[in-house]
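So that you can see what the record holds, here are the features copied from Swiss-Prot:
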- CYS1-CYS14: disulfide bond (DISULFID)
- CYS2-CYS10: disulfide bond (DISULFID)
- CYS6-CYS13: disulfide bond (DISULFID)
- PRO5: 4-hydroxyproline (MOD_RES)
- TYR15: tyrosine amide (MOD_RES)
Amino acid sequence: CCEWPCHHGCIPCCY
C-alpha cells in the first residue's frame, strides 16, 4: 500500500 503523509508500515509515497 501507499500512504500520505508517510508513516512506517506502508510504502512512503512522498515524492
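Even glycines carry a Cβ here, placed using N, Cα and C.
Annotated features taken from Swiss-Prot, shown on the structure.
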| residue | record | Cβ neighbours (10 Å) |
| --- | --- | --- |
| CYS2 | disulfide bond | 9 |
| PRO5 | 4-hydroxyproline | 7 |
| CYS10 | disulfide bond | 11 |
| CYS13 | disulfide bond | 11 |
Nearest-integer angstrom distance between the alpha carbons (Cα) of CYS2 (disulfide bond) and CYS13 (disulfide bond): 6
Rounded inter-Cα distance in Å - CYS13 (disulfide bond), PRO5 (4-hydroxyproline): 8
